[in-house]
Amino acid sequence: MKARAALVFAVLVALMPVGYLVSLALRPAEDVLNSSLFPTSLTLSNFVKVFDTIELGTMLQNSWVAAVGGALLAVLIAAPAAYFTARHTRGERLLTVLLASYCAPPIVAIIPLFFLLRHVGLTNNLAGLILVNGIANVPVAVWLLDGFVRRIPIEIDEAAVIDGLSVAAAFRKIILPLLWPGIVAALLVAFFLSYNDFLFAVYLAVTKESQTLTVGLSLFQGDRNVQFGQQAAAGLLGLAPVYVLALAAQRHLVGGLTTGATK
């Protein structure tokens, strides 16, 4: 009984930010800055006005394209890298280096990334965001998949090689299908990290055609005021499909995080 009460309390605390976001989105502009926790009146005007203030449809589309592309690229690189870190003695060093690089603040890479992408014509371009987000999320994807590879007996690899397969073919035909639960978990984590990215998007995609939702949310803040209601409405519209995805893939996500974190 105590455990259930503690769980209910934890869920309520976790949902409080979302509840307050809903409250802001449903308030009229003159009611946003009052001191009450609950709105005195309700309106849906913020959800209508937000489409006039920013290109919400385009920004949502860009966010999903950049996040899905970045997640696919991250896992494409991370899967063979995780196989190396788990199966070779020098792999531990590589994993350490990858995780150490992930600890560095991303802001230190903005200037060289900007000039590099501008040189190859990938600024203000979704391809540039996909490339940056994909590479940035490789370390966490490798870390997750490394734990999955270690749970696969090495005898399977050896038997495949004895049967005449090369190491690359054994990985592609034997190990990769067994990694599918871990790949799904890594894809989901990389997707969420890419979808939430603001730093790379705000510097590398400044045109209206390439801006993502995270950048769009910052546009509600002006020099003298902030349109909190419209900002909350836009945030909810961007949050809802991601919440649905997270709930639908909850089993894969939780299983991947718990399995990938153990060796």
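Including glycine, each Cβ sits where the backbone N, Cα and C put it.
Listed in TrEMBL:
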type: DOMAIN; residues: 60-249; note: domain 'ABC transmembrane type-1'
type: TRANSMEM; residues: 64-85; note: transmembrane segment
type: TRANSMEM; residues: 97-120; note: transmembrane segment
type: TRANSMEM; residues: 126-145; note: transmembrane segment
type: TRANSMEM; residues: 174-195; note: transmembrane segment
type: TRANSMEM; residues: 228-249; note: transmembrane segment
Practice problem: Look at every Cβ pair spanning the transmembrane segment (126-145) and the transmembrane segment (64-85), keep those 6 or more apart in sequence, and say whether at least 3 of them are under 8 Å. | Solution: yes
Quiz item: In the same chain, who gets a Cβ under 8 Å from the transmembrane segment (64-85) while lying at least 6 residues past its ends?
Solution: 91-92, 94-95, 98, 126-127, 129-138, 141-142, 144-146, 148-149, 171, 175-176, 179, 183, 186-188, 190-192, 194-195, 197, 201, 212
